[in-house]
Amino acid sequence: MAKVLVLYYSSWGHVEQMANAVAEGAREAGAEVAVKRVPELVPEEVARQFHYKLDQAAPIATVEELADYDAIIFGTPTRYGNMASQMKQFIDQTGGLWAKGALVGKVGSAFTSTASQHGGQETTLTSFHTVMFHHGMVVVGLPYSFAGQNGVEQVKGNSPYGATTIADGDGSRQPSQVELDGARFQGRHVAGIAAKLAG
């Protein structure tokens, strides 16, 4: 049984919803799944002023525990086409893991949210891919065998680089069914590959 970590940062809960959907998919594939988040860096009074979702149930991860999993699926909202600083700050502490080759051969994947359809989804996902390559991870996206990412009949996220959702500039749009389905598919897909690699 593959061990999968869904590690995310979420300001307003969109990525949290996607993380839970990713975890559902990985569990459906038979994986042992943990959902954890990285620490918030925004001062609490500022976070409250901007209505951040501060009641997220997922526990805070430690850098060292990343080595305990067969696959890590990262999630973050985009910040100007890149991962959020909270996630970057966490990842920047993985030098010790890199020095030991602790993540080499593990499966890595990512998902994100943006304010608009063209708000930097794919560049955010590829910012994770660069990190994964440096750690020697096996990078997995969201293949076109997930049919929900095809078509133009509705505004929707998802990309071959990973599952995505569109939140609108004020955060009013919640992840749609097809976006959550994409996240579940990605979780199943990653867990299946991790199980094969773990032997």
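Using the three backbone atoms N, Cα and C, a Cβ is placed for every residue, glycine included.
The domain 'Flavodoxin-like' annotation in Swiss-Prot covers 4-190. Annotation source Swiss-Prot lists FMN binding site at 10-15, 78-80, 113-119, H134. Residues or ranges marked as NAD(+) binding site in Swiss-Prot (evidence: sequence analysis): W12. The annotation substrate binding site is assigned in Swiss-Prot to W98.
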The residue listed as 'NAD(+) binding site' versus G119 (FMN binding site) - Cα distance in angstrom: 17
The residue listed as 'NAD(+) binding site' CB neighbourhood, other CB atoms within 10 A: 18
S10, T78, S113, S116 as binding-site residues, winner by CB count within 10 A: S113
Surrounding CB atoms that lie within 10 Å of the CB of W98 (substrate binding site), all protein chains: 14
Site of maximum Cβ density within 10 Å, from binding-site residues G13, G119: G119
Mean predicted confidence [pLDDT] for the domain 'Flavodoxin-like' (4-190): 97
Mapped DSSP class for the residue listed as 'substrate binding site', helix or strand or coil: helix
